[in-house]
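Participant: Take this structure first; my questions come after.
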Amino acid sequence: MLTRACRLSPCSHPLRRNLTNASLFSQQLNFRFTMPTSKPQPDAHSKVLILGAGNFGSCLAEHLGDSEHRVFLWAREADLVKHFNLHHKNLKYLPEHNFSKNITAVGPDLPDGDFINEMDVLLFAIPTQFLRANLTILNRSLKDKTKLPLLIFVNKGIEIGTDALTLEIIADTCGAGVAKAATFISGPSFAKEIVRRRPTSVSVASFTEGEAVKTSDLFHQPHFRCYTGTDPIGIELSGALKNVYAIAAGMSDGLGYENNTRAMIITRGLAEMTCIGTAYGASPLTFLGLAGVGDLFLTCSSSSSRNYTVGYRLGQGESLQTIISTLGSVAEGVSTAKGVKRIIDKLGVHAPIAAEVYEVLYNDKETKRAVRDLMDLPASRELDLPPTAGEPARQLMEKLGLSSG
Ligand SMILES: NC(=O)C1=CN([C@@H]2O[C@H](COP(=O)(O)OP(=O)(O)OC[C@H]3O[C@@H](n4cnc5c(N)ncnc54)[C@H](O)[C@@H]3O)[C@@H](O)[C@H]2O)C=CC1
Ligand SMILES: O=C(CO)COP(=O)(O)O
């Protein structure tokens, strides 16, 4: 078993390491900041508020409710709150599951400041496109920024219109200190398998490594392992990007292509993800972890994935509008494909699979034509990481006060 001493490594963001080695900013970045931390380590009887009672929020409520913690689950649907508290069931998401009696549903309004300030942990399981509005309201309750609850985010997407990662949404709405303390969980973790206690592992990252360790300690269970790190930008990009490639893999299967084609999409998708991440300013190694290749493999190869399902149904000839209106759950890759397209265009990264997914979703390109165009690309070297120095990450870290000239 890993000891705490073994899991902790000196806190240094990979951007700093990359830049120190080779890049444009090697002489410029000089980290001089004090990392914020949350209230003391959540103990065995912590108060946890989970925001978002969809598949993943409910699943994580169950994961933490299966303990001595006092878990509250915020749902914006009044009927869900009422039914959950009476029957310990969430009929809309994970309807088969009997939830722990340690969980109390709250809502439909967001809890008030007094309630929020009593919490030791706030866990956000709200789809990316709705996060900004909810954080704007919640920020009014986070009065004392020196005594923050442990803040955990599990959404996997890029915001439409701003191309912002969640780190930036948090900084915009709650301030840089809150973003620096935030922790991100990402990795191959279907909600319905976690509630069945199938062995699962995830990546947990924060700029404040102590917060990632607290999160890991909170979540770690015999059937659930956490691996900590200090590349939240890479972890976020991994989770967001893999959803776009899951759409591509589903599309391929929906068109009737077989295993070779799916393996090609997964592998070339990983190469694209790594190039986009490197150009953005994340560590390329992050994409080899659970949040990267782990989640990419999972979602590209299973019909349990909503993103894969969107792709599959597109490949079968259904329209995007019909698929979205009948999916019954969020597929973050659909909205994220827009931000990814803008990011690759801006950074000049060659990411043809992501570009073709965008064309199918938003320019009515036929799925078969997209495959033909990909296969017609000229032969190229297998992998050349872009030499760029990570301007988006540099700007984001500047916003967080994590760089100084
Ligand atoms: N389901 C899974 O296995 C996993 C999901 N995730 C991520 O977690 C996030 C949430 O996903 P799911 O729970 O699966 O989605 P879901 O589709 O099951 O549930 C969506 C939730 O968002 C809420 N919602 C809708 N509009 C809202 C608004 N305006 N403000 C606040 N909440 C709103 C709904 O009430 C519902 O609780 C996504 O970013 C997803 O990528 C991450 C890992 C695994
Ligand atoms: O991210 C997930 C599992 O790790 C869930 O994937 P989908 O959102 O595609 O269902």
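Positions of Cβ are set from backbone N, Cα and C atoms, glycine also.
Okay, so TrEMBL annotates it like this:
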ACT_SITE  LYS242  active site, proton acceptor
BINDING   GLY52, ALA53, GLY54, ASN55, PHE56, GLY57, PHE130, ALA191, ARG306  NAD(+) binding site
BINDING   LYS156, ARG306, ASN307  substrate binding site
DOMAIN    47-207  domain 'Glycerol-3-phosphate dehydrogenase NAD-dependent N-terminal'
DOMAIN    231-371  domain 'Glycerol-3-phosphate dehydrogenase NAD-dependent C-terminal'
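Would you situate these features in the structure and describe their surroundings?
Facilitator: Long-range Cβ proximity for LYS242 (active site, proton acceptor), meaning a same-chain Cβ under 8 A and a gap of 6 or more residues, is found for LYS156, GLY269, MET273, GLY292, ASP295, LEU296, THR299, CYS300. According to DSSP, LYS242 (active site, proton acceptor) sits within a helical segment.
Its own atom aside, the Cβ of ARG306 (NAD(+) binding site) has 23 Cβ atoms within 10 angstroms in the protein chains shown. Under DSSP, ARG306 (NAD(+) binding site) is assigned to a helix (H, G or I) in the three-state scheme.
According to DSSP, the domain 'Glycerol-3-phosphate dehydrogenase NAD-dependent C-terminal' (231-371) comprises 111 helix, 0 strand, 30 coil.
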Participant: Sequence gap of 6 or more, C-beta under 8 Å: which same-chain residues meet both conditions with respect to GLY52 (NAD(+) binding site)?
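Facilitator: Sequence-distant Cβ neighbours: TRP74, ALA75, PHE124, ALA125, ILE126, PRO127.
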Participant: List the recorded positions GLY52, GLY54, PHE56, PHE130, LYS242 whose Cβ sits under 6 Å from any atom of ligand 2, in sequence order.
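Facilitator: The recorded positions passing the 6 Å Cβ test: none.
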Participant: Can you give the largest Cα to Cα distance in Å, as a whole number, for the residues LYS156, ARG306, ASN307 that bind substrate in the record?
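Facilitator: Across LYS156, ARG306, ASN307, the two farthest Cα atoms sit 13 Å apart.
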Participant: Out of PHE130, LYS156, ARG306, ASN307, which binding-site residues lie by ligand 1, with a C-beta less than 6 Å from some atom of it?
Facilitator: PHE130, LYS156
Participant: Around the substrate site formed by LYS156, ARG306, ASN307, list the extra residues of the same chain whose Cβ is within 8 Å of the site's Cβ centroid.
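Facilitator: So the additional residues around the site are ASN243, ALA246, THR299, SER305, TYR308, VAL330, ALA331, GLU332, GLY333.
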Participant: Long-range neighbours only, meaning 6 or more apart in sequence with Cβ under 8 Å: which ones does ASN307 (substrate binding site) have?
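Facilitator: Result: ASN243, VAL244, ALA246, ILE247, GLY250, THR299, ALA331, GLU332, GLY333, VAL334.
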Participant: Is it possible to get the count of other C-beta atoms within 10 angstroms of the C-beta of PHE130 (NAD(+) binding site)?
Facilitator: 14
